[in-house]
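S.K.: For reference, the structure I am asking about is given below.
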Amino acid sequence: MATPGPRDIPLLPGSPRRLSPQAGARGGQGPKHGQQYLRMPSPRAPGLQSSSSRDPGQPCGGESARSISVINNYLDANEPVPSEARLSRMHFHDNQRKVDYVLAYHYRKRGAHLAQGSLGHSLAVISNGEMGKEPHAGGPGDIELGPLDALEEERKEQREEFEHNLMEAGLELEKDSENKSQGSIFVRIHAPWQVLAREAEFLKIKVPTKKMYEIKAGGSIAKKLSVVLQKLSSPLQPRVPEHSNNKMKNLSYPFSREKMYLYNVQEKDTFFDNATRSRIVHEILKRTACTRANNTMGINSLIANNVYEAAYPLHDGEYDSPEDDMNDRKLLYQEWARYGVFYKFQPIDLIRKYFGEKIGLYFAWLGLYTSFLIPSSVIGVIVFLYGCATIEEDIPSREMCDQQNAFTMCPLCDKSCDYWNLSSACGTARASHLFDNPATVFFSIFMALWATMFLENWKRLQMRLGYFWDLTGIEEEEERAQEHSRPEYETRVREKMLKESHKSAVQKLDTNTTECDDEDDEDKLTWKDRFPGYLMNFASILFMIALTFSIVFGVIVYRITTAAALSLNKATRSNVRVTVTATAVIINLVVILILDEIYGAVAKWLTKIEVPKTEQTFEERLILKAFLLKFVNAYSPIFYVAFFKGRFVGRPGSYVYVFDGYRMEECAPGGCLMELCIQLSIIMLGKQLIQNNIFEIGVPKLKKLFRKLKDETEAGETDSAHSKHPEQWDLDYSLEPYTGLTPEYMEMIIQFGFVTLFVASFPLAPVFALLNNVIEVRLDAKKFVTELRRPDAVRTKDIGIWFDILSGIGKFSVISNAFVIAITSDFIPRLVYQYSYSHNGTLHGFVNHTLSFFNVSQLKEGTQPENSQFDQEVQFCRFKDYREPPWAPNPYEFSKQYWFVLSARLAFVIIFQNLVMFLSVLVDWMIPDIPTDISDQIKKEKSLLVDFFLKEEHEKLKLMDEPVLRSPAGGDRSRSRAASSAPSGQSQPGSVMSSGSQHTNV
């Protein structure tokens, strides 16, 4: 073995360096007993070559045709390491190096055999070893792989090159050996301290410094109130360690290797937590190139090309292990992810520490939204109880129920329907008062202000969390530095370049890594390239919206024809309206649930056609498309009932017909508000119950069962000892992959629309939303902790485009509620009658005022009731509208009352909208986005940071000058300089330095 050279890891991966075998084992140990050499013949790995012999300007791979050897640490077949002897399932098999990331792929062989004297063990450790120059170093331990098919061979070569490039970047790998005919292979990745320090500096990761300062409360009253609230809420607090102390806080500063003296680095292995370590490794994986895969950039491209199946960080052990050892995952399960702790607050700091800031912000937002539903639920229940308490005092419903009034109504359909008494609709009228009363108007104003206050409080909470989580300094440059081009975008650009360039340009493309981040930020795909995708998006979205409207119209036709059919039968004639309404709403619900899934897939496909450059752009465009389609899908039946049903019916003698003999449907005698309430409640509750119980619980369990059955069918070669004690990466591989927060947010945003858009018709909507969210929080928590692979920690300062969507829904809800009150309910007609037409200022006579007369002799031929069994001969029948009577000069024209009521309705919409908008702006202005104490603490932190810097620099200069003052010899100065740059093992007092802390100019 060649003598190892000095270890040198530059700032950025891909630069030439010398790799030493000391990286293979701690403490600079060389190969021990049980270590063998794996010879990689040149046909299978021509991309692997000695880094010292490669031209620095060339990408790794592709130039060397000679055989090379990589140090591999095999477990000795005669001395197997039992699983029980493992100190941790989170480490390599040397029990020292922590597994920071795992790559998984599936392989298969047509035929494989081991050479004579083969080992028969199942583990190989690929470490940062010196590229061996002796091809015979492997000796009798060489493995001869059987022939693979062309595609599998190509993927194998791509994996070998990619893993070699990862080692070039400084990572350490441990890999299973492919000693079966087929199976899954796991590549464990460990990031040593030098790599962590280099990447933390490159990514500008904020870490705590030695300096701590006290966080002062606002005033004495606020401090006392805070203490009282903490004591009262102590039973509701989760029993987790405090990650963000409310009294003391560390000053944070972006990590810098030349300022190691600022940080309290006591133990390098634990200085960066698991989430940060996996985030660093993931950043390296995303920007590591593979020239064999058409210059593919990053692990996402390789997964898309099926080179690897999965890439994920490990969970912190098992959540239900009987051992006493406690980890963050187990703690989250016990104090957060169980339904038994539904009454407790969420451990937001622990969630953020384990899953990252993006998921932490989601659960913080969900928790605030759920807590804000409590006061709105209380007010909604009060409004509903007010309706129940005043139902006997409601004069219009009493008049409708009074049989002495004997309002003879016109037939509801042609021929088969008879005349009927208005008193037969007494139950509907009384039920309508529960939701159609003056209190609902004030509740609508309250909910509009509630939405504004919720958004303002979320902005304040977001700033508070940003301060405690050190997110206040995240700049756009940092976020842009972490953005990488999507694989589909790279492929599209490559195809465009291949079409437009000549052979020389293609060769140039093959010899130079296409790294979009290192080139200018100008988008390589012009609007001409994207125009077909945009055109397809526009046409598809219009088609989907038209499809939704068509289905709504189809349900309308179903209601009309079913009502006509049921009216022919005397037995079913009395329950026609209830039967038709209930069945139509259920059909709407089923269609909405089916189209929700279809539209989600269509939105994703349409976004892929656009070929967005970055993942953030892809996510934002996907969210907008999915929200638009799902919004139209969920609310179009409700909008129809609220604003269109009964508006285009016509009048007796001049009805509007959909088909021959089928009239447009009318509202119930008590108005459409009750039907709107039924429609809204069934769709809202159905979506919540079915999506939560079937889609979010049942579907993942079915997928898990399917994977388990599939694994059992392929478990013929599985080691029984391994199956009894599976490793953590095996357990995590069997979990569902994390696909993002878009479905979680989308579900809550649609619910937010149900709560705000039509709350005037259904005051109990916040109550059902609250009950659902109490379960939803624990359901999502359980899913993240127990059923999903651990997501990559993503650092973000806000919830992104979702806040804009929430703000838009809040503003739109003001308009929708104004129209619901003005047009759908009878609030405005009652006010107009009470103050303009009533003789005594009451609502006595209101029902008679809203009913117009029609002369039955003017009914069209063939539309009169057949075999009428009405008690008395009918000369005039009544219908609900404001029209002139038959004896007027202009019979059946709209009366003056109609125009008076219409103008009052429009005036109410304008006044209500402007009043509520003004109050919302006033609330927005009165509540500052940044809490005063947080603003003061941020200013204080900046001042303390400057003082801390000056003090530490002064101490450092003082330590450097002491040897100079003691010794007059010039040689002592050189010794002092050497001492100031000593490695971490020989750190000077007052500073913590490491071998990787020297500054590297790039």
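In case you wondered, yes, glycine gets a Cβ from its N, Cα and C as well.
Curation does not apply to TrEMBL; its annotations are automatic.
Quantities reported herein were computed from a predicted structural model and do not represent experimental measurements.
Per TrEMBL, the features are:
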- 1-65: region 'Disordered' (REGION)
- 10-21: compositional bias 'Low complexity' (COMPBIAS)
- 92-348: domain 'Anoctamin dimerisation' (DOMAIN)
- 351-941: domain 'Anoctamin transmembrane' (DOMAIN)
- 362-386: transmembrane segment (TRANSMEM)
- 439-455: transmembrane segment (TRANSMEM)
- 534-558: transmembrane segment (TRANSMEM)
- 578-602: transmembrane segment (TRANSMEM)
- 622-643: transmembrane segment (TRANSMEM)
- 748-771: transmembrane segment (TRANSMEM)
- 906-927: transmembrane segment (TRANSMEM)
- 961-1002: region 'Disordered' (REGION)
- 966-991: compositional bias 'Low complexity' (COMPBIAS)
- 992-1002: compositional bias 'Polar residues' (COMPBIAS)
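In terms of burial and nearby residues, how do these features look in this structure?
M.R.: With a cut-off of 8 Å between Cβ atoms, the residues of this chain six or more beyond the transmembrane segment (439-455) that come close are 368-369, 372, 375-376, 379-380, 382-383, 386-387, 755-756, 759-761, 763, 766, 803, 806-807, 809-810, 813-814, 817-818, 820-821, 825, 827, 912, 915-916, 919-920, 923-924, 927.
Remote same-chain partners of the transmembrane segment (534-558), defined as residues 6 or more beyond its termini with a Cβ less than 8 Å from a stretch Cβ, comprise 584, 587-588, 591, 595, 599, 602, 606, 609-610, 625, 628-629, 632-633, 636-637, 640, 658-659, 662, 665.
Cβ atoms under 8 Å from those of the transmembrane segment (578-602) belong to residues 540, 544, 547-548, 551-552, 555, 558-559, 562-563, 566, 572, 626, 629-630, 633-634, 637, 675, 678-679, 682-683, 686-687, 690-691, 743 of the same chain, restricted to positions at least 6 beyond its ends.
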S.K.: Considering only the recorded stretches 622-643, 748-771, 906-927, state which has the highest number of Cβ pairs under 8 Å to the transmembrane segment (362-386).
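M.R.: Against the transmembrane segment (362-386), the leading stretch is 748-771.
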S.K.: Kindly say whether the transmembrane segment (748-771) and the transmembrane segment (906-927) touch, using the definition of 3 or more Cβ pairs under 8 Å where each pair is 6 or more positions apart.
M.R.: no
S.K.: When you scan the chain for residues with a C-beta under 8 Å from the transmembrane segment (906-927), skipping those not six or more beyond its ends, what do you find?
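M.R.: 444-445, 448-449, 451-453, 456-457, 460, 810-811, 814-815, 817-819, 821-822, 828.
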S.K.: Other than its close neighbours in sequence, what residues sit by the transmembrane segment (622-643), given a CB gap under 8 Å and a spacing of at least six beyond its ends?
M.R.: 537, 541, 544-545, 548-549, 552, 555-556, 585, 588, 592, 595-596, 599-600, 602-604, 606-607, 672, 675-676, 679-680, 683, 687, 742, 745-746, 749-750, 753, 757-758, 761, 801-802, 805, 816, 819-820, 823-824
